[in-house]
Amino acid sequence: MAMTDVLSAEDIKKAVGAFSAAESFNYKKFFEMVGLKKKSPEDVKKVFHILDKDRSGFIEEEELKFVLKGFTPEGRDLSDKETKALLAAGDKDGDGKIGADEFATLVAES
């Protein structure tokens, strides 16, 4: 499944483009701009599974670094600071990774 099966290619391009500058990533604005906030819980889970590159059932810190590339190959890598901030926001149980339910909560709170 491709990200464009769930979200509009135009929304993805706009959202990723808005955060192309280093240290500019804001997950709340990004999830809103990309249209994820308006999606059903099932669609949010589909996006989670696309971002979970190693199919572990979690998005680990290493995968978070490439979250924008998960939406489009043109996306930049997040900085270590941005990656750690996103992990801190999403990792509700403190296990160092984001599970599907935590991801859904992160999107809902944005």
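Heads up, residue numbers simply count up from 1 along the chain you see.
Glycine is treated like the rest: Cβ placed from N, Cα and C.
As given in TrEMBL:
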BINDING   Asp52, Asp54, Ser56, Phe58, Glu63  Ca(2+) 1 binding site
BINDING   Asp91, Asp93, Asp95, Lys97, Glu102  Ca(2+) 2 binding site
DOMAIN    39-74  domain 'EF-hand'
DOMAIN    78-110  domain 'EF-hand'
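Everything TrEMBL records as a feature, shown here on the structure.
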{"residue": "Asp52", "record": "Ca(2+) 1 binding site", "contacts (Cβ under 8 Å, 6+ apart)": "Phe58, Ile59, Glu63"}
{"residue": "Asp54", "record": "Ca(2+) 1 binding site", "contacts (Cβ under 8 Å, 6+ apart)": "Glu60, Glu63"}
{"residue": "Ser56", "record": "Ca(2+) 1 binding site", "contacts (Cβ under 8 Å, 6+ apart)": "none"}
{"residue": "Asp91", "record": "Ca(2+) 2 binding site", "contacts (Cβ under 8 Å, 6+ apart)": "Lys97, Ile98, Glu102"}
{"residue": "Asp93", "record": "Ca(2+) 2 binding site", "contacts (Cβ under 8 Å, 6+ apart)": "Gly99, Glu102"}
{"residue": "Asp95", "record": "Ca(2+) 2 binding site", "contacts (Cβ under 8 Å, 6+ apart)": "none"}
What counts of helix, strand and coil residues does DSSP assign across the domain 'EF-hand' (39-74)?
20 helix, 3 strand, 13 coil
Return the count of C-beta atoms lying within 10 angstroms of the C-beta of Glu63 (Ca(2+) 1 binding site), excluding that atom itself.
19
Excluding Asp91, Asp93, Asp95, Lys97, Glu102, please set out which residues of the same chain place their CB within 8 Å of the center of the CB atoms of the Ca(2+) 2 site, keeping sequence order.
Phe58, Gly90, Lys92, Gly94, Gly96, Ile98, Gly99
Which are the residues of the chain, Asp52, Asp54, Ser56, Phe58, Glu63 excluded, whose CB is within 8 A of where the CB atoms of the Ca(2+) 1 site average out, their centroid?
Leu51, Lys53, Arg55, Gly57, Ile59, Glu60, Lys97
